[in-house]
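Student: Just passing along the structure, written as structure tokens.
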Amino acid sequence: MTSGKQYVDSVFEKVKAQNGHEAEFLQAVEEVFDSLVPVFDKYPKYIEENLLERLVEPERIVSFRVPWVDDKGQVQVNRGFRVQFSSAIGPYKGGLRFHPSVNQSIIKFLGFEQIFKNSLTGLPIGGGKGGSNFDPKGKSDNEIMRFCQSFMTELSKHIGADTDVPAGDIGVGGREIGYLYGQYKRLRNEYTGVLTGKGLTYGGSLTRTEATGYGVVYFAEQMLKSKGEDFNGKTAIVSGSGNVAIYAIQKLHSLGAKVVACSDSSGYIYDEEGINVDTLKQLKEVERARIVQYLEHHPNAHFTPAGPDSSIWTVKADLAFPCATQNELNDADARALVGNGVIAVAEGANMPSTLEAIEVFHASGVLFGPAKAANAGGVAVSALEMSQNSQRLAWSFEEVDAKLYDIMKGIYENAAAAAKEFDAEGNLVVGANIAGFLKVAEAMSAQGIV
Ligand code: NDP
């Protein structure tokens, strides 16, 4: 009989042979596959159904041309993607990323992770992701609008409220969702919840803007509680200064921690007095400024430019929240954090820690909350936005926030319990992967070979 390890290894070899050039995708797959070996030992029928090989192949990938005209009247062309990875437990759901680094590998890694994350929320949503190599930095509002309209003209053929419901991600915030939604409505002549992260005047949910940042802090709270700890008096580092970072910082401050450092791709700020969230929101949400401009408001803070010898992770703190982008925290960074006495790391970004960094945290006994569990708050509230749209109702901030809190607590408990059941107590990477996988596997198994 084939063992779990033999089966998982053989599928991984095939995935490598077919996707060898997709480094980020392979990294995400390897992390999940490593965790699933004991599941296949326990449920050999999933080997017979070749469930893993089916799951790791996206149901559909759409890649398309996005032509648009810039303010100088010149025609520009970008590449758009939508990966519809798994619809086993609900309509495809996952954000859109606009960043020059976007390629098929990055969208596939994000879509693959999204399957497990969405399953962990306990809500009926499948896994998908999309985006473009378009760079919104420095573009005028009109350029952003023309790009979004062109992008949606093609995307609208592939999505729908019961088919696939995209949301925001890096480079796609409230402004972009508004333009995308306007174009969808115009093309389809229907007012449905086809996107989440919408503005509050046209079907958005209260707490969606805050959800990922608040959620990662609620998750970390549960991690700390398991060791009899809380946020009071603790210092923290939060990388990034976008949507996830800003609201993680806000929630950490409200729960008694002090965030002393945050960043953007040009460098990081250290503010001994604690990062001022109002300043950060003004700079990033209103002025779309660079992080160095924080010093104009808080001259006692320090700015360190990005470079090979500079890392936000060398700042001394009790807690670390990587909330910028993938692979932003490597093994040297992890060792620096451990050397400075970090006790917990929770991932707000997707796959921010390399596999080697995660090994360092586990070997050092640092509490580690992996992205697919810790940052699931955003997609969870997106699913709540879909519910409100279907009901044609709007719930209060407190109601949605309370549901978010319960969902994050539930994810922590499920991941911790799965880790324990499969002999990996305390390892939330293994726990989250297994807990997320089991629901999808059961649904796939019930639905036959599709
Ligand atoms: P934003 O675009 O709002 O902010 C991204 C932040 O990360 C910016 O400060 C940006 O700096 C920084 N950043 C991006 N790329 C790099 C890089 N290569 N090096 C250093 N810094 C970088 O995105 P979000 O806050 O929405 O997303 C952040 C992360 O969280 C992503 O991994 C995303 O997938 C994940 N996530 C987001 C969710 C959401 O609800 N928004 C839900 C779940 C996960 P700069 O402006 O200089 O580029």
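Using the three backbone atoms N, Cα and C, a Cβ is placed for every residue, glycine included.
TrEMBL annotations: computationally assigned, not manually curated.
A quick note: this is a predicted structure, and the numbers were derived from the prediction, not measured.
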Student: Among GLY168, GLY171, GLY173, GLY431, which is the one TrEMBL gives for the substrate site where LYS93, GLN114, LYS117, SER382 also bind?
Tutor: GLY168
Student: Can you see whether DSSP assigns GLY168 (substrate binding site) to helix, strand or coil?
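Tutor: Going by the DSSP assignment, GLY168 (substrate binding site) belongs to neither helix nor strand, so it counts as coil.
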Student: An 8 Å radius from the center of the LYS93, GLN114, LYS117, GLY168, SER382 Cβ atoms defines the neighbourhood of the substrate site; name the other residues of that chain inside it, in order.
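Tutor: The answer, listed by sequence position, is GLY94, GLY95, ASN118, ILE125, GLY128, LYS129, ALA167, THR196, GLY378, VAL379.
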Student: Between the Cα atoms of SER382 (substrate binding site) and ASP169 (site 'Important for catalysis'), find the distance and write it as a whole number of Å.
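Tutor: Between the alpha carbons of SER382 (substrate binding site) and ASP169 (site 'Important for catalysis') there are 12 Å.
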Student: Recorded positions LYS93, GLN114, LYS117, LYS129: which have a Cα within 10 Å of ASN243 (NAD(+) binding site)?
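Tutor: Cα within 10 Å of ASN243 (NAD(+) binding site): none.
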Student: Measuring CB to CB from LYS129 (active site, proton donor), give everything in the same chain under 8 Å that is also at least six residues away in sequence.
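Tutor: In sequence order, the residues whose Cβ lies under 8 Å from that of LYS129 (active site, proton donor) (at least 6 apart) are ARG82, VAL83, PHE85, GLY94, GLY95, LEU96, ARG97, ILE107, LYS108, LEU110, GLY111, GLN114, ASP169.
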Student: If I take the alpha carbons of LYS117 (substrate binding site) and THR212 (NAD(+) binding site), what is the distance between them in whole Å?
Tutor: 12
Student: Taking only the Cα atoms, work out how far THR212 (NAD(+) binding site) lies from LYS93 (substrate binding site), in Å, as a whole number.
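Tutor: Distance between the two Cα atoms comes out at 15 Å.
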